[in-house]
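Okay, so here's the structure we're looking at.
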Amino acid sequence: MKRIAVFPSGGDAPGMNAAIRAVVRKAISEGMEVYGINRGYAGMVDGDIFPLGSKEVGDKISRGGTFLYSARYPEFAQLEGQLAGIEQLKKHGIEGVVVIGGDGSYHGAMRLTEHGFPAVGIPGTIDNDIAGTDYTIGFDTAVNTAVEAIDKLRDTSSSHGRTFVVEVMGRNAGDIALWAGIASGADQIIVPEEEFDIEKVASTIQYDFEHKGKNHHIIVLAEGVMSGEAFAQKLKEAGDKSDLRVTNLGHILRGGSPTARDRVIASWMGSHAVELLKEGKGGLAVGIHNEELVESPILGTAEEGALFSLTEEGKIIVNNPHKARLDFAALNRSLSQ
């Protein structure tokens, strides 16, 4: 394989630029040419494809977002869109692609593979909801950004004796909420994977203020449960009388310079993706498991999902058998007593 392309797709995540940089520089070191594609699958279909060299990625490792831009392109789910994209790739002499993104991006890569066009996926999403990897690019940065924000909200919450509901991204997964909640010492964490009793949540707030002498109460809420405003309304209906505020951290979690960890795993996975294409291997997704590189079929990775669930004993079971987690939900309950 002499010429490959790389592009991000779907929602952006800190560290995508580091992955693109790694793909470009590794490929060049292996004697391959690299092309970039702007705006993901939309740019592929439109022919927004151009050469990338070491110079073009020279100052990108520390930047958040993605300099190749990104977009969602639902039309690629249709055969017409897929064939149009492949036609453009062949027109530019490209023999394989590296796709950086989440499950929607993986589905596109899966379609390319089914049409006999080698594609390798790299997990790039702050949600950390991709099967076949312990961590996705952008997750660590998003968690650190959330923790920094929650720490600051705790300051003002303590000053006024308030309850704060902090809504964080994550789509249908509670990973960001769990990690950020534990790291920030949240009083309660609400995630899609675990049922909750709104009356118990409300009574816990009251007990903390009246009997434990607390001057604040922080609830971290995953967006996959419901919106922060809707949750606050339910709290009031359940009898909460505290001075309640809602903060939605929103897209701020997608921005900012990536952490060292995100830069390293992005570089590691990007380099390995090139090695796979050089060997003529497509239809694979790169991941990290137990701090080692792993590969899994992109078909299974895109279809399986990586959401975790809880047993009656509170033990977290991850649907991806290659992924292990601490019992974070139970851990937080014990630490917030």
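Backbone N, Cα and C atoms are what each Cβ position is placed from, and that goes for glycine too.
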Name the residue, out of ARG3, ARG154, ARG245, ARG254, that Swiss-Prot lists for the same ADP site as ARG21, ALA22, VAL23, VAL24, ARG25, GLY185, ALA186, ASP187, LYS212, LYS214, ASN215, HIS216, please.
ARG154
If Swiss-Prot gives THR125, ILE126, ASP127, ARG162, MET169, GLY170, ARG171, ARG245, HIS251, ILE252, LEU253, ARG254 as binding substrate, which of GLU194, GLU195, GLU223 does it give for that site as well?
GLU223
With ARG72, TYR73, GLY102, ASP103, GLY104, SER105 listed by Swiss-Prot as binding ATP, identify the candidate in GLY11, GLY15, GLY174, GLY181 belonging to that site.
GLY11
Around the Cβ of ASP187 (ADP binding site), how many other Cβ atoms lie within 10 Å? Please give the count over every shown protein chain.
23
Rank aside, I only need the closest one: which of the binding-site residues ARG25, ASP103, GLY185, ASP187, HIS216 has its C-alpha nearest to that of ARG254 (substrate binding site)?
ASP103
Given ARG21 (ADP binding site) and ILE252 (substrate binding site), what distance in Å do their CA atoms have, once rounded to a whole number?
23
Distance in Å spanning the most remote Cα pair of THR125, ILE126, ASP127, ARG162, MET169, GLY170, ARG171, GLU223, ARG245, HIS251, ILE252, LEU253, ARG254, given for substrate:
32
Where the distance is taken from Cα to Cα, which of the binding-site residues THR125, MET169, ARG171, ARG245, ILE252 turns out closest to ASP187 (ADP binding site)?
ARG245
